[in-house]
Amino acid sequence: MPSPRRTIEGRPLGSSGGSSVPGSPAHGGGGGGSGRFEFQSLLSCRSGADPACARLRASDSPVHRRGSFPLAAACPAQVAPAPPPEDAGMNLNPSFLGIALRSLLAIDLWLSKKLGVCAGESSAWGSVRPLMKLLEISGHGIPWLLGTLYCLLRSDSWAGREVLMNLLFALLLDLLLVAVIKGLVRRRRPAHNQMDMFFTLSVDKYSFPSGHATRAALVSRFILNHLVLAIPLRVLVVLWAFVLGLSRVMLGRHNVTDVAFGFFLGYMQYSIVDYCWLSPLNVPVLFVLWNQQ
């Protein structure tokens with residue numbers, strides 16, 4: 001009697017695919033019992049009752065064959081999702097404003113370095129550096145504050161005191177606004193600058209905007225509007241303001257944009273002072289207290 005331990009095809013485990021043994025199902029031998037056993041095996045394979053048959057059908061399925069390769073199973077987990085079209089457009093096409101600002105900054109740094117011919121004693125115009133530093137002192141806030149206070153104390157006319165008091169107000173406003181903007185922006189001074197400036201404060205380590213440029217524009221506009229000067233003197237005042245701003249770049253103290261914005265800020269500061277002009281009519285208490293000194 002044949003052993004009931006058979007494969008799915010009904011062959012004995014020890015038989016080869018090309019040989020047949022008498023009495024086996026291939027030769028029709030073995031009686032009806034072996035035929036019924038083979039028929040029941042086939043039925044169990046079709047119904048999925050046998051776990052071995054279930055594994056065989058799963059291994060023959062197309063899904064299992066596709067997943068049997070490790071690369072095919074790993075690919076869906078490794079491939080990152082493609083970015084949305086709008087995100088890719090933002091990365092590849094930066095805004096026009098950003099490109100313009102970066103280009104302006106690059107030109108500003110390049111031009112400031114080219115114009116810094118007096119930044120050190122070994123620079124191209126290093127011999128002119130003492131003269132530039134003297135011009136630097138002429139635009140410093142301390143000499144202007146002390147000079148305005150001295151003239152205010154020596155003045156004996158109401159009109160002169162009114163002009164000088166508003167000049168003092170303008171200088172204090174300039175110092176306050178420049179200090180606030182420098183503290184907010186915190187732009188470092190150029191790398192080729194030497195920190196040998198006259199009477200510096202904590203905010204003076206920052207360069208934007210140029211306090212000398214704001215003061216030069218403010219004082220020049222103030223003088224031209226409230227002092228009667230001959231034409232050569234008026235030209236000299238404008239020339240002083242321009243050369244003072246240029247000297248800030250030549251000494252390496254500031255970049256070109258620091259000075260340009262400083263001129264604009266100083267020009268607008270005078271508009272504020274002119275709008276808030278102090279006079280005996282709007283602030284009589286201030287002038288009365290000053291006259292009692």
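Placement of Cβ uses the backbone N, Cα and C atoms for every residue, glycine included.
The record in Swiss-Prot shows differing topological domain names for Ala191 and His254, meaning opposite sides of the membrane. The DSSP secondary structure for His212 (active site, proton donors) is helix. Remote same-chain partners of the transmembrane segment (270-290), defined as residues 6 or more beyond its termini with a Cβ less than 8 Å from a stretch Cβ, comprise 152, 158, 161-162, 165-166, 169-170, 173, 217-218, 221-222, 225. Taking Cβ-Cβ distances under 8 Å and a sequence separation of 6 or more, the neighbours of His254 (active site, nucleophile) in its chain are Ser112, Arg189, Pro190, Ser207, Phe208, Ser210, Ala213, Arg248, Gly262.
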